[in-house]
Structure formats: structure tokens, C-alpha cells
Amino acid sequence: MENVEDKYNSPLKSQKLFIGAQICLRIVTIGATLAATWIMVTDKQSITFGDFVMVAKYNYSSAFKFFVLANVIACACSVVSLLFLCALGRYSSNPGHVFLLFLHDLLMMSLVLAGCSAATAIGFLGKYGNTKSGWMPICDQFGQFCNRGTISMMLSYLSMVCLLILTVTSANKSRQIHV
């Protein structure tokens, strides 16, 4: 019975599972942040009222600019961390290396969460407005712009969840550090 438990709970199998999960989650994070960035950057809609043309673009809002920048940074840093993880390969069981991944994932998760929060706040104003401040909703007129922005934010929230899972797994693995 002990041999069966040792076989399924061996450190090597645990290490392979950890690395496999890390690689898969980082690939999903890279894809989600890249897609969120691309959708938001290409999000533009124009409407015409007689001779007057109104345009909605992501770069008209500092919150959307921050959202895009946060996703670009998270995507680039996730690519670097994926390369770091692949380069370490067998040596990634070093608790010091895992702790660096934990810090990286925590910072990237915080950055993506901040970007998502800023974009969500502006998206909420765009959808519902704020009558007390005199801000009217614009999503009635700019439906395509708002829908694409919503998809971009959903992808970014997906990447934030992946980064949260990476943070938790790295924190769990780095508990082996002996001071």
C-alpha cells in the first residue's frame, strides 16, 4: 500500500504537475491579456448626427489607457516568466526560484486587477451614467464600442483569475523555504 501512495505522491510527479499547471496558466494569461489589449486598442465607433460626427475610442479615457498598459505589461512579463520557467525546467523546485515567481505573479495580478477596476468603473459610467453628476450613459448610442470593451474586460478578468491561481500555487510551493 505504501508503494502505491509513494508512486502517486512522489516529489517528481508533484513537481511535473506544478510546472505543467504553471505553464498552462501562463499561456492562458498571455493569450487573455493579449486578446484583451488587442480588442480594446482596436475598439472604435463613430456615429453621425447630421453633419456632426462623434467618435468613441479607448484612448479618450485615461482609465482605458491604463487598462491597456496594465495588460501589455502583464502580457510581456508573463512571457518573460514563462521563458524563465521553461529555462529552469528541472531546477524550478528551488524554493527561492518559486518565491520569485510568487512575487512576480502577485505584482502582475495586482496590476491587472487595478487596470480592470479602472476600466470597469468607466464602463459602468458609460453604461448607466451618473445623473447626480450630469453624466449621461453613452452605451445606448455606442453599443458596439461598449460591447467590445466588455469583452476586453472579461478577458482581462480571466487573466486576473489565472494570475490569482498562479499566485496561490506559487505561495503554496514556496512555503518550503527555510530561513
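Any Cβ shown, glycine's included, is placed from N, Cα and C.
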Membrane_side_equal(Lys132, Arg175) from Swiss-Prot: no
Of the residues Asn59, Asn172, the one that Swiss-Prot lists under N-linked glycosylation site: Asn59
Surrounding residues of the transmembrane segment (106-126) on its own chain - C-beta under 8 Å, 6+ positions past either end: 29, 33, 40, 61, 63-64, 66-71, 73-74, 77-78, 135, 137-139, 142, 146, 149-150, 152-153, 156-157, 159-160, 163-164, 166-167
Contact set, same chain, for the transmembrane segment (151-171): CB under 8 Å, 6 or more residues outside the stretch: 18, 21-22, 25-26, 28-29, 32-33, 35-37, 39-40, 43, 67, 71, 74, 98-99, 101-102, 105-106, 108-109, 112-113, 115-116, 119-120, 123
Segment-level pLDDT (mean, integer) for the topological domain 'Cytoplasmic' (172-179): 68
Sequence-remote partners of the topological domain 'Extracellular' (127-150) [C-beta within less than 8 Å, at least six residues beyond its ends]: 39-40, 42-45, 47, 54, 56, 58, 64, 119
Proximal but sequence-remote residues of the same chain as Asn59 (N-linked glycosylation site) (Cβ under 8 Å, at least 6 apart): Lys65
